[in-house]
């Protein structure tokens with residue numbers, strides 16, 4: 001069980017890295033182009049990893065249901081969830097979106113309880129709530145300095161909140177579907193390859209419908225943006241997702257998803273020492289609450 005929590009925390013570190021590089025790349029060429037192009041980089045890299053680890057480029061010999069679960073997981077996790085989350089960043093704002101996204105562990109635990117039959121003990125539920133609560137506390141505290149600024153138009157923020165809620169829901173659904181596919185014993189590297197393929201297929205279709213397919217790649221003439229996007233693609237959809245799938249192999253979905261929500265807390269040292277931002281006492285207190293939750297999860 002311990003390995004599952006460790007891999008989940010390493011996944012959170014990958015997300016913390018990506019939140020920085022994708023933000024910088026998105027400022028230069030737009031978030032939609034970054035979201036699309038990153039999977040074109042990630043999929044070939046994942047094919048190479050799959051060949052190195054398993055000696056073949058594509059998984060074969062599994063039941064149809066395994067492929068279905070993982071392709072659906074990629075469709076919801078890499079395509080639908082990302083589109084909703086990026087839209088929420090624009091309409092509701094990054095802080096509000098991150099707060100709402102911390103509901104994902106709750107959705108994941110409910111999905112796993114209803115569909116997979118996973119039962120969480122009262123202490124495990126307490127650990128999840130403490131971890132999520134600490135993350136919420138930190139995000140709210142960090143956003144407190146902007147409360148005096150005039151807020152955006154109310155209806156637009158409400159729509160953005162719905163997009164964020166949809167992102168949390170579909171992200172949790174994708175994790176639950178991935179867990180269902182992994183039950184069969186499929187290697188996590190193979191599972192991630194299938195998920196990436198489904199996500200990229202969805203993004204290709206979306207780009208063709210929008211008429212932005214060529215434009216997305218043309219934007220990557222900005223070499224800095226391309227480098228940042230490539231870094232995010234290799235750390236996130238490749239390394240990060242493989243780590244998350246290993247975590248799902250050894251720990252319940254609710255616990256894994258909760259620990260992966262700690263990435264905003266992992267950014268606190270970077271804010272203080274690299275970006276020279278003031279870390280408030282409230283943010284530190286929220287960190288302690290979240291760390292207490294992770295310690296509780298590790299003790300189970």
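For all residues, glycine too, the Cβ spot is worked out from N, Cα and C.
The structure displayed is predicted, hence computed values, not measured ones.
Noted in TrEMBL for the protein shown:
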{"type": "DOMAIN", "residues": "3-139", "note": "domain 'EamA'"}
{"type": "DOMAIN", "residues": "159-298", "note": "domain 'EamA'"}
{"type": "TRANSMEM", "residues": "37-58", "note": "transmembrane segment"}
{"type": "TRANSMEM", "residues": "64-86", "note": "transmembrane segment"}
{"type": "TRANSMEM", "residues": "98-116", "note": "transmembrane segment"}
{"type": "TRANSMEM", "residues": "122-140", "note": "transmembrane segment"}
{"type": "TRANSMEM", "residues": "161-181", "note": "transmembrane segment"}
{"type": "TRANSMEM", "residues": "193-213", "note": "transmembrane segment"}
{"type": "TRANSMEM", "residues": "225-247", "note": "transmembrane segment"}
{"type": "TRANSMEM", "residues": "253-270", "note": "transmembrane segment"}
{"type": "TRANSMEM", "residues": "282-299", "note": "transmembrane segment"}
Helix-strand-coil residue split for the domain 'EamA' (3-139), DSSP-based: 118 helix, 0 strand, 19 coil
The domain 'EamA' (159-298) - residue tally per DSSP class, helix then strand then coil: 121 helix, 0 strand, 19 coil
In contact by Cβ distance (the transmembrane segment (122-140), the transmembrane segment (98-116); 3 or more pairs under 8 Å): yes
Close approaches to the transmembrane segment (253-270) from elsewhere in its chain (Cβ under 8 angstroms; 6 or more beyond its ends): 4-5, 8-9, 11-13, 15-16, 19-20, 98, 101-102, 104-106, 108-109, 111-112, 116, 118, 120, 124, 127-128, 131-132, 134-135, 138-139, 142, 172, 175-176, 179, 244, 247, 279, 283-284, 286-287, 290-291, 293-294, 297
Long-range environment of the transmembrane segment (282-299) - Cβ separation under 8 angstroms, sequence gap at least 6: 2, 5, 9, 123-124, 126-138, 141-142, 144, 255, 258-259, 262, 265, 268
Remote residues contacting the transmembrane segment (161-181) - C-beta distance under 8 A, at least 6 residues beyond either end: 66-67, 69-70, 72-78, 80-82, 84-85, 87-88, 91-92, 96-97, 100-108, 111-112, 115-116, 191, 194-195, 244-245, 248, 253, 256-257
Closest-packing stretch to the transmembrane segment (225-247), where packing means Cβ pairs under 8 Å, from 37-58, 122-140, 193-213: 37-58
